[in-house]
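Below is one structure; the comments refer to it alone.
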Amino acid sequence: MAVENAINFREICSLLDISESYKCTINAFLDNVEKCTDKHYNDALNLLDTFFSNEVKSNSLVNDLIFCIINSNFDFLKVFKSNKLRLENLQIVYESAFNENKPFLKEFSAKDKINKEVKKNLYSTPAVTRFAPEPSGCLHIGHLKALLVNYNLAEKSNGTLLLRFDDTNPVKNYEKYEKEILRDLDTLGITGLKISHSSDYFELLVDEAVSLINKNLAYVDNTDQETMRIERFEGIESKMRNINNSESLKIFKELLQGRAPGYCLRAKIDMSNPNKSMRDPVIYRASDKMHGRCKLYKAFPTYDFVCPIVDSIEGVTVVCRANEYKDRNEQYKWFLENLELENKPEFNDFSKLNLEDTVLSKRKIDKLISDSLVTGWDDPRLATIQGIKRLGMHMTALKDYINLQGASNKTNVISWDKIWAMNKKVIDPLSPRFMAVEKINCVRVFITNFEGLKYTKNIPLNKKNTSLGSKDVLFSDTLLFSQEDGFVLKENEEFTLMNWGNAIVEKKVVENSIVTELYIKLHLEGDYKSTTNKISWVSESGAVTATGIEYGKLLVNEEFNINSKIDKQYYVESSITNLSTDMKHVQFERIGFFYCDSPCVFHLVPFTKQKRTY
């Protein structure tokens, strides 16, 4: 469940005519649900089960609310169903609410079937869809579902995806981020799109606004923002609502020239409509800034006014957008009808992508950048397309995971571990293997029976995928082990040197609890199956120094995590310098998978760090 959904449930709870004990229990229940882990889900369920076991009088309002909370979150519902036999009291409440709500569930199910049929029909003719980001920042994972739903529909129906930059806010400098968004799309493999800007249609949008004024369907208003907010909430008509059209038109023209401060233009729809988006929305607002691409005006259209008009003009046939905009669909249709626009797109709503512990707010990201807490929009700790790419996300895995979620209206919170698990499956066969040793307190290892000069041996870069090519491994009489491996080996122990064979520890030198040297002799005829410890190593001669960076959570308890970036130095086998530039993922054996961000700088891919067992 997304946190915003939980907050809505809190608001509902606060409005219900129920006792304070009910309200306190439900809020405590939601505290656990918001944390989105199986442990907290179980805690939440046990809390309610205990509450209902204390001979609490049944309340149908509470039962319905709890039923809605449990059913609104697929992951939570799964946990509940797996535990329902021991949640005896809660099960009684749930089943009671389930039986009472059966008619509504059937109706919802029927609507869902209709929606599936509508979506099936979408593919029968070429669809024209659009992706309309505001170029005020780079694309992040939150944009990705909207992008892919629109892209996939266009692809599957042999249609067209339009890219429209929503540049209606003159205060913002859009040019920089337009280039960044095109770069993001290229990274995702989405290219060759027809590009337009909302500002391309500013003159036409002015004409449409004038048309609404002349039809007595729009009026200028100088009500202050706070009063307007209250009036819209309470359904109170503005004092300016019935201004005559000629006066409204005169002031609107002054507004466009920056000579009517404090005014805006509102659509005259229906202030008593239960859908608040229909309560005379603002469609033009003043600005003291000139637009970068259009120097004619000092008042600019709102997103809700632009979309239906430009969608219709550009030939969009299906508007695919998150269901958080669903209330605005009625408003969208009102503009199409009252402006007599011929092309009327259909709607395909889907649930917003919700991710746990993820900063997606542009305002928050800008603040982190300005405070120098992150390096920019492509910082690997940010969930931007470039950020997660630098963290080791393969775009195939990312797109596949998002596509698996489909265009459903069901709200789920996505756990990063699931995305990274899919990513590992993609990068594993594509990743060359290299041995690496952490530099700090590394152990020098001397082979007492090494014969002759150092030599190289050619082996596959990835034994599971020999098509990646091969590498030369350097064998010499002096090796480097990690302190961790040096510490665990005992004198006279036989162990296995990876990619070489068995060896026996002859002597172990320890100073101040730190292993400094090992003396070993090769025993290559030994059986590697009989050894407990398989040790990765690097020849001291020719070892390359590389930086490995491990990134953690950006925020902890809403505060910046000062430990969100940890640098380590490694000695890596010399053949890594011959790595092809198109091989961006590697595995440091027994350490984890890494993304090559720049020469000899590697970022640890999340959830691939290997736990050592001895």
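Positions of Cβ are set from backbone N, Cα and C atoms, glycine also.
Residues or ranges marked as L-glutamate binding site by Swiss-Prot: Arg130, Phe131, Ala132, Asp166, Tyr303, Asp304, Phe305, Val306, Cys307, Arg321. Among the features that Swiss-Prot reports, ATP binding site is placed at His140, Glu324, Val359, Leu360, Ser361, Lys362, Arg363, with the record citing similarity to another entry. Residues annotated as motif ''HIGH' region' in Swiss-Prot, with similarity to another entry given as evidence: 135-144. Residues annotated as motif ''KMSKS' region' in Swiss-Prot, with similarity to another entry given as evidence: 359-363.
Of the recorded residues, Lys362 (ATP binding site) and Arg130 (L-glutamate binding site) place their C-alpha atoms 22 Å from one another. Comparing Cys307 (L-glutamate binding site) with Glu324 (ATP binding site), their Cα atoms are 15 Å apart once rounded.
When DSSP labels each residue, the motif ''HIGH' region' (135-144) comes out as 4 helix, 1 strand, 5 coil, counted as helix, strand and coil in that order.
Listed by sequence, the residues of this chain that lie at least six past the ends of the motif ''KMSKS' region' (359-363) yet keep a Cβ under 8 A from its Cβ atoms are 136-137, 140-142, 382-383, 554-555. Sparsest Cβ environment among the binding-site residues His140, Lys362, Arg363 (other Cβ atoms counted within 10 Å): Arg363.
Pairwise Cα distances among Arg130, Phe131, Ala132, Asp166, Tyr303, Asp304, Phe305, Val306, Cys307, Arg321, the recorded L-glutamate-binding residues, top out at 16 Å. As a whole number, the greatest separation of Cα atoms within the ATP-binding residue list His140, Glu324, Val359, Leu360, Ser361, Lys362, Arg363 is 20 Å. Taking Cβ-Cβ distances under 8 Å and a sequence gap of 6 or more within the same chain, the neighbours of Arg130 (L-glutamate binding site) are Asn150, Leu161, Leu162, Leu163, Arg164, Asp311, Glu314, Val316, Val319. When the binding-site residues Ala132, Cys307, Val359, Leu360 are compared by the number of other C-beta atoms lying within 10 angstroms of their own C-beta, Leu360 comes out lowest.
Around the Cβ of Ser361 (ATP binding site), 13 further Cβ atoms fall within 10 Å across all displayed protein chains. Averaged over the motif ''HIGH' region' (135-144), the predicted model has a pLDDT of 93.
Neighbour counts were taken as the number of other C-beta atoms within 10 angstroms of each residue's C-beta; across the binding-site residues Tyr303, Phe305, the minimum falls on Tyr303.
Same-chain residues at least 6 positions away in sequence with a Cβ under 8 Å from that of Glu324 (ATP binding site) are, in sequence order, Lys352.
The CA atom of Phe305 (L-glutamate binding site) is located 25 Å away from the CA atom of Leu360 (ATP binding site). DSSP assigns Arg130 (L-glutamate binding site) to a strand in the three-state reduction. A distance of 18 Å separates the Cα atom of Tyr303 (L-glutamate binding site) from that of Ser361 (ATP binding site).
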